[in-house]
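Everything below concerns the one structure shown next.
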Amino acid sequence: MKVLIVGSGGREHAIAWKISQNSKVDKIFAASGNAYNKVIKNCENINLKTSDDILNFAIKEKVDLTIVGSEELLVDGIVDKFQENNLTIFGPNKEAAMLEGSKAFAKDFMQKYGVKTAKYQSFIDKEKAIKYLDKISYPVVIKASGLAAGKGVVIAQNRKEAEETLNDMMTNKVFAAAGDTVVIEEFLDGVEISVLSITDSEVIIPFISAKDHKKISEKETGLNTGGMGVIAPNPYYTKTIEEKFIQNILNPTLKGIKAEKMNFVGIIFFGLMVANGEVYLLEYNMRMGDPETQAVLPLMKSDFLNVINSALNKDLKNIKIDWEDKSACCVVMAAGGYPVKYEKGNFISGLEKFDSNKSDNKIFFAGVKEENDKFYTNGGRVLNVVSIKDSLEKAIEEAYKNVKEISFKDNYYRKDIGTLYVPVKY
């Protein structure tokens, strides 16, 4: 079986690692530029960027299954193109991908189908948005409606900051076209929870929960990033919280998908906020989270490819996904200066100490390139250092122990992944 995985992050490395465990897979193509093909058996790196190039490659190579990790390509309609050519692809069609591609569209969908979420208003006119600032309380959340690599959300503490943010997004175009429409949203103070799930548009099966760490600096301070680390499962995802999530968010979402006849097969990532004992939906992502995937998939006992095939066959109602009774911690090692300005091309040492196929200590490549059997930095987020242990405390300790075994110039990582929620000494 030939599998094509599209996307360049640590998420795609984790997907490839998990898929490669299925004995039916004899070839994996990585449309990435990421060097993870060097550490996964029968994996070939191919340099393809556009959906048309990827489609033509899949036709030429007779690829059996394509898995898309990149949100940009999903919103661009890559799934629709594959389906028009009778090729099997795992991911949402263009219509469903808009639940991530447009926060304004997603919020309207939530409101229409009774998904519990924060109060909001959407604006395409900056002057109307500025007038609205006089009618609300602070802090307030301002979101660029379009795709902004996980960085298009600002918490404005007062009116002055809010107006500056609107100017940045709508006039200065700091997020390009993503900021043409903005969502101004009620601020919810609480704990964020990430829940990945898989759907065939008939049922939604949640995965185990996770806790992302979005900010660049300790204690959740500094600039937004794509994510600096993850723990799974999330200690705050109790049975009561899970029941409220299913009743007030998951079930209404499924109702909306059916009512809108979206009819897709793929991942739904629920970004949740627990505030005052209630569970709210902050956002949908319509693909695996990064870095959540890197912590969640190693805890999946079930064969991921079989789970995907069940979804493609509209048979999710007849399967159960099994999970390890363990915990995972993922620490992101980034290039110094990320998420603003950073160097590329620095040699990475210490990777030879780890074999992700034979150990509960795993290294997933993100911004990594290979030259002459040596690995170099090639992006902002460079590596995902993951440890799986019987307790969260041990997983955190082991992950940081492993981080110290790896080195590259000006490497940076947060020192408190998981420790805001679990007291750990390391």
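From the backbone N, Cα and C atoms, a Cβ is placed for every residue, glycine too.
The annotation domain 'ATP-grasp' is assigned in Swiss-Prot to 107-313.
Annotation comment: Swiss-Prot describes 133-194 as ATP binding site. Take the CB of ALA149 (ATP binding site) and look out to 10 A: across all protein chains shown you find 14 other CB atoms.
On its own chain, ASN285 (Mg(2+) binding site) has GLU71, GLU100, ILE267, ILE268, PHE269, GLY271 as residues at least 6 apart in sequence with a Cβ closer than 8 Å to its own Cβ. According to Swiss-Prot, the Mg(2+) binding site annotation covers GLU283, ASN285, on the basis of sequence analysis.
The two recorded residues, LYS173 (ATP binding site) and GLU283 (Mg(2+) binding site), show a Cα separation of 22 Å. Packing around GLU283 (Mg(2+) binding site) is summarised by its Cβ count: 20 other Cβ atoms lie within 10 angstroms of its Cβ, all protein chains included.
When the Cα atoms are compared, GLU283 (Mg(2+) binding site) and VAL141 (ATP binding site) turn out to be 13 Å apart. Summary for the binding-site residues LEU133, THR165, LYS173, THR181: the Cβ-based neighbour count within 10 Å is maximal at THR165.
Between the candidate binding-site residues, VAL141, GLN157, ASP189, the densest Cβ environment within 10 Å is the one around VAL141.
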